[in-house]
Amino acid sequence: MVLHPPPHQHEQFILKSALYSRLLVLSLTITWRILASPYDSSAPLNLPCLTANHTHTHTLPQSQTLLLPKLASALENGIVWDSVYFVRIAQCGGYEYEQTYAFLPLLPISISFLSRFLSPIFAPFVGHRAVLAFSGYLICNVAFVFAALYLYRLSMIILKDPEIALRATILFCFNPASIFYSSIYSESLYALLSFAGLYYFVKGGNNLASLFFALSGCARSNGVLNAGYLCFQTMHRAYNAMFQQKRTALALGTVIAGALRSVFVFAPFVAFQAYGYYNMCKGRLPDELRPWCKARVPLLYNYIQSHYWGVGFLKYFQLKQLPNFLLASPVLSVALYSVVYYAKSRPENFFSLGFRTSIEEKSSGVVFLSDDFYRSKKAGNVDKSSVKAKENSNLTKRKKVTEGAVGEVHMAEPATRPGYFSACVLPFVLHLAFMAATAFFVMHVQVATRFLSSSPPVYWFSSYIMAHPTKYHRWGYVIWAYSAAYIFLGSLLFSNFYPFT
């Protein structure tokens, strides 16, 4: 696939592609709902909230009919699978049942907030629940468009190759889990917050990055894993300060700052667990307490995942789940190859966790120690060899990248590697490896398709092999066919309440 827009128009092209991809998925969803009959017809059911004093300001009297009943029905029919929980939490203003605490609050809060402005206008036409559904659709699809933009900006900084960065982002726009990014699911919000956090992280804005990472943990539980990027950076900066610069105070300050930022990322998720404990456990008699309330560390989320969904280490390894393993096999294969290919290409960098990476590469990216380098240089605390290494790195980055006849990438100076083999890609690859292992061994494996869809290395690696048609001439077609098949299959099955990923 050849992408033609000039580099200065890439962001505009990304925004258009993201918008068109959402229109495509929504069009397919509407088409399949018209042509196929839903497996479960309970989507329009709207039971009263358990909280007796909870009222909706703009809810119509039961005797008043809606002005656009067909549109209301179409919107409410889109509330399927997990969307039922998100809309219910927003509608009732809180968590009514124990299992609903598996759905983190950022999306329901966002839906409730937006619906307060839209209900006075649209509730007389479609009703309050349909307004909630529309608010959810609007939030998720707009969030996806901006997530694509942040992924492109992140890819440009890490890969330093406009064509590969653009192709990777287009792959994200048409990724196999697209149906979830256009539905009332938390994937879009999580992707936006994670990509934005990673973008500001590699730009050197750790405080802003920590804020976005913390918010991503309010959208999905795996958002807390983004603290791993801060820990990786802290580890390398502390090592550099202690053993390279011989500055114990700087190393201690680096560790403290990194620890505080990591705690900040975890704080919203921990607070939500405390909120669940307060609602479900406090003020109850001993014989009324749920088993997790009596645990030494009462983790509501873990209990819900295990008790209600059967999530646990190797629990899904059953013969009857073989179709689900097959359904997840494409994305798990791409993830595995992404990690293995990087490890084989940069074994010293990968297996040493970056500690044996050259100073030139470390100094060229904020992922490792660039911020400390610049502060130390400004204060006059960097020795001449370090300054020279930094200057050599800048010179290397300005030199032209040329491709060999067999698709291998060569630099004028071999000290640094460009694109997917950059040392700065390492923490992203490690994060992907952990996520893929968790999806395969612990989770419902079919969820891997959307669980890994917000991991940048999946798209960077796919874009890399597409950029070398002489070496991987068939894999590009396979990847696009996989994405197209899952987009069509997902819009058919998911929208009609049939099991998908």
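Glycine residues also receive a Cβ, built from the backbone N, Cα and C atoms like all the rest.
Keep in mind that TrEMBL annotations are predicted by a computer and have not been checked by a curator.
Lifted from TrEMBL, the feature list:
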TRANSMEM  130-152  transmembrane segment
TRANSMEM  164-184  transmembrane segment
TRANSMEM  249-278  transmembrane segment
TRANSMEM  324-343  transmembrane segment
TRANSMEM  420-443  transmembrane segment
TRANSMEM  475-498  transmembrane segment
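Highest Cβ pair count under 8 Å relative to the transmembrane segment (420-443), across stretches 130-152, 249-278, 324-343, 475-498: 324-343. Remote same-chain partners of the transmembrane segment (324-343), defined as residues 6 or more beyond its termini with a Cβ less than 8 Å from a stretch Cβ, comprise 176, 316, 350-351, 420-421, 425-426, 429, 432-433, 435-436, 439-440, 444-449, 452-453, 455, 457-458, 460-462, 479, 482, 486, 501. For the transmembrane segment (164-184), same-chain residues at least 6 beyond its ends with a Cβ under 8 Å from one of its own Cβ atoms are 1, 3, 5, 10, 13-14, 17-18, 21-22, 25-26, 29, 78-80, 82-83, 86-87, 107, 111, 133, 136-137, 140-141, 144, 147-148, 151-152, 155-156, 191, 330-331, 419-420, 449-450, 453, 456, 459-460, 462-464, 466-467, 479, 482-487, 490-491, 494-495, 500-501.
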